Amino acid sequence: MRKISISSRTAIVIASVMLGGQLAQAQEGKPISGGAITWGVATEPSCFDPHRASQQAAFFVARNYIDSLVGKKADGTFAPWLATEWSVSPDGKEYTYKLREDVVFHDGEKFDAAAVKANYDFVKKPENATNAVALLQYFDRAEVVSPYVVKLILTQPDSTFLESTSNVKLGIISPKALAKGDLCGGGPLLAGTGPFVFERYSRGQSAAFVRNKDYKWGPGYAVHTGPAYLDRVTLRFLPEAAVRAGALTSGQVDLIEGVQPTDVALFADQAEFKLLTGPSGASTSFTFNINYTIPPADDVRVRRALRDGFDLEPLVKQVYLGTVPRAWSIIGPANPAYNKALVGAWGNNIAGANKLLDEAGWTGRDSEGFRTKNGVRLKIDVGYPQPYVRDNREVLIQGIQAALRKNIGFDLNLRIITAGEYAKNNANGTWTIYPNTDNPSDPARELWDMLGSKGFLYSNIANPDLQITGLIDEALRSTDVAKKRAITDEIQKLGVDQAFIVPMFAPSWFLAAKNNVNGLSFEAGLDSPSSAYDFWLSK
Amino acid sequence: MWSRIISRLLTSLVVAWASVTAAFLALHALPGRIQDILAGDLEYPGLREAIAAEWGLDRSLPAQYLDFLLRILQGDFGTSYVLRQPVTEVVGSQLMPTVQLALLGGLLAIVIAVALALLTAGRGRISRQIASFLELVFASTPVFWLGILLLMAFSFTLRWFPVSGASGWKSIVLPSLTLALPTAGLLAQVLREAMEKTLDQPFVTTVRSRGVGELVIRARHVLRHALLPAVTLGGWLIGGLLGGAVITEKVFGRPGLGTVTLGAVLTHDVPVVLAVVLLAAFIHVAASTVLDILYLLIDPRLRAQ
C-alpha cells in the first residue's frame, strides 16, 4: 500500500516538473550572481578530454569548460554558439561556419577559423586516437576561408553532420593545449572557451571549476547571456547512491545526480529540496537488440513471439516504482525524431505469441515446460556484459525472463558475461541478444549504431537485412529534413515490426537539489543534465 | 635464527614469483586476443599494433614471460591505455591514501581489541558477555553496511563528521572506524580467549605471589603470551584491511586504490587491474614474512634452535 502511494505521488511530482519547467523559472525570481555549489556525481570520468572521453557521464562535465560551434535545442533545431551562422552547399558536402570574433580560450589564445581547423584535423588524425572520430565518418578536410570563416568539407552528404558539430565530443579546445599532448587528466591545461575554467582535478575525490569572467558567448539556447552566475562549481565523486542522498539531506552537497527510485521520496514534495527528472531517452531507449541472423531468432515468428509474449508495463513499473516510462520505439520519447505511431502498436499479446510459435513448429514441451522443436529447446541467450549492468536493468530482464517462460514456454536466458566474452562475440558476429542504450547523437547516427551495416552491432555480421541497412544509409545521406524524418520513422517501425529490436524503457536522469539552487535543466544535445552555466543560488 | 629468517625470505620470493606467473597465465588464458584485452574499451587505428609492440606479442610465450618478469622486477607495469598514463604513475599516486587508511584502521583495531581484552578477560560474566556480543556483531557486519550506518548516525544526522573530502583529520575518522570495527571484533575475541587460557597458567600465580599488581600482570605478562595466536591472524588481518579499504573508499568517496581498481574494472583497464592484483599479492607476501619473523621476536622458544 505504501509503495503505491509513493510511486503515484512521485509520478505526479515528475509530471509537474516536466510540464512546469518554464513556470518554475518564473517562480524562482531574478537570478543573482555569486556563490559556490558542490555537486555530488555518481561517476568519475576516466577522461576529461571531450575528444577522447567515452563515458556518458564525462560529457555533461565537459560542457562546463567546452563550447561547440552550434548548440542543439530541445526541439531538435540548432542555435548559434561559437558560430553565429552557417550554411550547407546544395550538394550537401560543404558546411560553412561564420565564427564569433570576440572569443578567447582559457589560456589566452584567440579563437578563430584556424583553431577550428586545428581541432577537426586533430580529431580526424588516427594516431591521436580520439573517440570523437566516429562522428567524422565522412569528414574530409577543413579550410580556413578567412580569419573567422571556416569550411568543413565532406566526402559525401551526411545528414548527421550539423548535429555532430553541436556535439560536445567535437567541442573546441585551444590549439596550444592540443599540441601539449594528453589532456585526459583535466586541470587548467585543458583550456576550452566554456563558462567555467577547469581549476583542479583530484583523482578519486573532486574536480573544481571557477567562473570564466570574460564569457559572453553562451549558446543560443541558454536562459541568460554573459558570464555564469556561480563563482565556483565543485564536483564530488560519490559512487554510492545512499551516500549521495545522505550528503544532500545533511547539507554537505548542494546538488546530486543519480537519485535512486527508492530515494525519490526523500526529495519529492519536501520543502527544503527539489527534484527534477531529465529527458526521457532523448537518445535511445534501453532495448533488446536481437541478432536476427542466428537461429532460432532468424525466424521472424520467434522474434515476434518474444516481443509480444509478456506485459512490459507492470514490469517496468515494479522495478522503477513508476519513475520511468516504458518504451515503444528504439528512439526515446523525448527525442523530436520519436515515432509516436508506435505507441500501443505492439506487445502483450500472449495468445498471438503462442499461436506464432505453434505455427513455427515449436510445439513440443520438455520436462521443464519449455517449448521444443525436434527435441531442441526454444532458447536464446541474453549476453549482458558485466561492466554495463546498472540501475536494476538485470532485474527487469529477469522479470521478462520469468514472464516469457510462464506465458509462452520461451527460455530467454540472461547471462552476465565478461567484457572479454562480449568483445569476442561481437568480433565474430555471434552475439545473440544484446541489451543496450546508445550515446546521444543524430537519430540516423543512433539507428546506424544499432542496426546499420557498419554500425557497432552489425559490423561483423555478413548478411544483415538489406531493407533496413539500405534505409539507414539513405537516412544518413538525406539532407532534406522532412524526407529524413519519414525515413527514420520507417526504420523505427520496421525495427519493431520485424522485432529486430524490443524496446524496454526510456532511462531518465534524476537531479535533486537544495531549494536555493536554481536554473537546473537538461541539455538536449547531451541527453543529460546541462552545464552549470545557468545555475544560480538564491539567498 | 638467521637461517630461519633467510629460508623464510626465500620462500616469500618463491610465492611472489608464483603470483606473477599466475597473473601472466591468467592474462593469456582469457578469451580473445591479448591486445584486445589490454586495450579495454579503446579502439583506434594503430592501438592494437602499438600494444603488440610494447608487449612483444609476436614473440614466443616463454620469451614474453621472461620479459614480463623482468619488467615487473623493474617496477614497470606497462601503460594504462584507457587513462593514457603509465600504470606505475596511476597506482603510485593513489597508494598513499589507501595505505594511510589501512594503517589507521589497523592501528585503531588493535587498540580497541587490546583494550577490550585487557578489561574483560577473566572478569565478571556480564561485562564479558556484553563485550563478546558487541564483538560478534561487529565481526559479522559487512564493512559496506557498517560504513553507511556510521555515516547515517554521525554524518547525516549528528553532522559531526563529513562524508569525505580533504577537511583534515575529521574526514578520516569515520572511514578508519568503519575499517577497524570488524577487525577489532574478531581480534578481541581471539585475544580474550588466549588471555584467559594464560591467566590459568601456573606462572601467573607465581607472578601474583610476588605481589605484582593485576594490571601489570595482564599488560606485561599475559598479553605477551596471548599475542601469538593474534599474530597468526595478522596475515588475514592485513588482507581484510586492504579489501575493506577498497569498499570503504567506495562508500565514502575517498581517493585511493579502491577507486582506481573499481574504475579500471568498469573501463576494462586490464593493465591497471593486473598491477593492483600483483601489488595486493606482494603486500600479502611481505606482511606474512614480517609476521613470521615477528614470531621469533615474541616467543624466545622459537629462537632457541
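Don't overthink the numbers, they just go from 1 along the chain as shown.
Each residue, glycine too, has its Cβ placed from N, Cα and C.
Just so you know, TrEMBL annotations never went through curation; they're auto-generated.
It is B:172-191, from the ranges B:52-71, B:172-191, that TrEMBL records as transmembrane segment.
Note on TrEMBL: of B:6-27, B:226-247, the range annotated with the feature transmembrane segment is B:226-247.
Non-local neighbours of the transmembrane segment (B:133-160) in the same chain are 116, 174-175, 177-179, 181-182, 184-186, 188-189, 244, 247-248, 250-252; each lies 6+ residues outside the stretch with a CB under 8 Å from one of its CB atoms. The transmembrane segment (B:101-121) and the transmembrane segment (B:272-298) are not in contact, since fewer than 3 Cβ pairs between them lie under 8 Å (pairs 6 or more apart in sequence).
Sequence-distant contacts of the transmembrane segment (B:172-191) (same chain, six or more residues past either end, CB-CB distance under 8 Å): 100-102, 104-110, 112-114, 116-117, 121, 131-132, 134-141, 143, 146-147, 150-151, 154-155, 161, 164, 223, 226-227, 229-230, 233, 237, 240-241, 244-245, 248-249, 251-252, 254.
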